[in-house]
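A.B. asks: First the structure, then my questions, so here it is.
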Amino acid sequence: MRAFLDLNSEEIVAWLKENNEKSFRLKQINEWIFKHGELDFNKMTNLPVRLREKLKENFLLPSLKIIHSKKSRDGQSIKYLLKLKDNLGIEAVLLKYRYGNTVCLSTQVGCKMGCKFCATGLGGFSRNLTAGEMIEQILVLKASSSEKITRVVLMGSGEPLDNFTEVLKFMRKINEKDCLNISYRKITVSTCGMVPQIKALAEEKLPVTLAISLHAPDDALRNELIPINKRWGLAELLDAAWYFIDKTGRRVSFEYALIENVNDTVEHALKLAQLLQRKLVHVNLIPYNTIEKRNFKTPSVEKINKFKEVLKRAGIPVTVRRELGDEIDGACGQLKAKYFEV
């Protein structure tokens, strides 16, 4: 039996027609699910009883369950530990900013990439999430918090472009007017550097934001921190980024976690500036969040500001990311499913 949210609109309309039902029923079903948060076909009372019975016989509705949630002291972030139908665990985070509410979602259970400073890969990789399971995360966080979701970032556990087909399907579906109606411009896709998939995403010409986890300004250091760099080095990665800009007209965001005595010197900043000058980019500096089992530390505020100033003087737009959720293991690099460790 298929999960209803795994199907795109064309697939559902085709199923309705095969079962002698009118295609407008899809809009009614979507209204129940996405507007009212109703996840029981029986309670969709403007559908004929016969259709409700057919839906129950053929499709599963969301089964994602909240196992645990933890709110930050300032109330601006909530981390959720969620259990999938096969009892595997994933994490999602609700982040409240002045401009609206952002959800940080997982795209895989675990991760294959093995980045040396990240917590997610410590537990290994289990499987990809389906498009429906990504949508479920939004529905669960929305229902639990009673907050309107305005932005989506795919920066939870997993490498989004390693699950390219399902991520693409997910983005298309949440963009639909009768579903969540989230603008592509309010979706951020993160990657540690899967070059062919960056180019494939560019070919789709969706005006999403691409966020590249760079974290080093040269191949020698990046090879140490991000193993996938040994397959596609900086030159290839940057070529793919410029290709994405050319195809979409969208600025690329480069994420750079500042780690004490690893990648945080003025020399590193100068190298980074040289790589990115005169390009349509933005640099997000992320003060490293200390992680248990990772022997890295956060630089001083003085070093962070010096690094930032070098980039600013080079004319590169740069911000120091305001981290919400670090105290609840919910910030970048800290999405750990401690609850599920046995």
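Placement of Cβ uses the backbone N, Cα and C atoms for every residue, glycine included.
Marked as domain 'Radical SAM core' by Swiss-Prot on the basis of sequence analysis: 97-327. The disulfide bond feature in Swiss-Prot is assigned to Cys104-Cys332. Feature annotation from Swiss-Prot assigns [4Fe-4S] cluster binding site to Cys111, Cys115, Cys118; the stated evidence is sequence analysis. Annotated S-adenosyl-L-methionine binding site per Swiss-Prot: Gly158, Glu159, Ser190, Ser213, Leu214, His215, Asn289, in sequence order, evidence recorded as sequence analysis. Residues or ranges marked as active site, S-methylcysteine intermediate in Swiss-Prot: Cys332.
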A.B. asks: At the Cα level, what's the spacing in Å between Cys118 ([4Fe-4S] cluster binding site) and Cys104 (disulfide bond), rounded?
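C.D. replies: It is 16 Å, counting Cα to Cα.
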A.B. asks: 10 Å Cβ neighbour count around Ser213 (S-adenosyl-L-methionine binding site)?
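C.D. replies: Within a 10 Å radius of the Cβ of Ser213 (S-adenosyl-L-methionine binding site) lie 26 other Cβ atoms.
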A.B. asks: State the mean pLDDT for the domain 'Radical SAM core' (97-327).
C.D. replies: 94
A.B. asks: Whole-number Å distance between the CA of Asn289 (S-adenosyl-L-methionine binding site) and the CA of Cys115 ([4Fe-4S] cluster binding site)?
C.D. replies: 14
A.B. asks: Specify the nearest of the recorded positions Cys104, Cys111, Cys115 to Ser190 (S-adenosyl-L-methionine binding site), where nearness means the distance between Cα atoms.
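C.D. replies: Ranked by Cα distance from Ser190 (S-adenosyl-L-methionine binding site), first place goes to Cys104.
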A.B. asks: Any same-chain residues 6+ apart from Gly158 (S-adenosyl-L-methionine binding site) with CB under 8 Å of its CB? Would you list them in sequence order, or say none?
C.D. replies: Ser106, Thr107, Gln108, Val109, Gly110, Cys111, Thr120, Asn128, Leu129
A.B. asks: According to DSSP, collapsed to three classes, what secondary structure does Gly158 (S-adenosyl-L-methionine binding site) have?
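C.D. replies: Gly158 (S-adenosyl-L-methionine binding site) sits in coil per DSSP, no helix or strand.
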A.B. asks: From the Cα of Glu159 (S-adenosyl-L-methionine binding site) across to the Cα of Cys104 (disulfide bond), what is the distance in angstrom?
C.D. replies: 13
A.B. asks: In angstrom units, rounded to an integer, how far apart are the Cα atoms of Ser213 (S-adenosyl-L-methionine binding site) and Cys115 ([4Fe-4S] cluster binding site)?
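C.D. replies: The separation of the Cα atoms works out to 10 Å.
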A.B. asks: Rounded to the nearest Å, what's the C-alpha distance separating Glu159 (S-adenosyl-L-methionine binding site) and Cys115 ([4Fe-4S] cluster binding site)? Just drop the number here, would you?
C.D. replies: 11
A.B. asks: Does DSSP give Cys104 (disulfide bond) helix, strand or coil?
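C.D. replies: SS state of Cys104 (disulfide bond) = strand.
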A.B. asks: What are the non-local neighbours of Leu214 (S-adenosyl-L-methionine binding site), defined as same-chain residues 6+ apart in sequence with CB under 8 A from its CB?
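C.D. replies: Non-local contacts for Leu214 (S-adenosyl-L-methionine binding site): Arg222, Phe254, Glu255, Tyr256, Leu272.
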A.B. asks: So how many other Cβ atoms are close to His215 (S-adenosyl-L-methionine binding site), meaning within 10 Å of its Cβ?
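C.D. replies: By my count, 26.
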A.B. asks: To see if you understand the setup: which same-chain residues, six or more apart in sequence, place their Cβ under 8 Å from that of Cys115 ([4Fe-4S] cluster binding site)?
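C.D. replies: Result: Gly121, Cys192, Ser213, His215, Leu225, Ile226, Pro227.
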A.B. asks: Taking DSSP as the reference, which of helix, strand or coil describes His215 (S-adenosyl-L-methionine binding site)?
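C.D. replies: SS state of His215 (S-adenosyl-L-methionine binding site) = coil.
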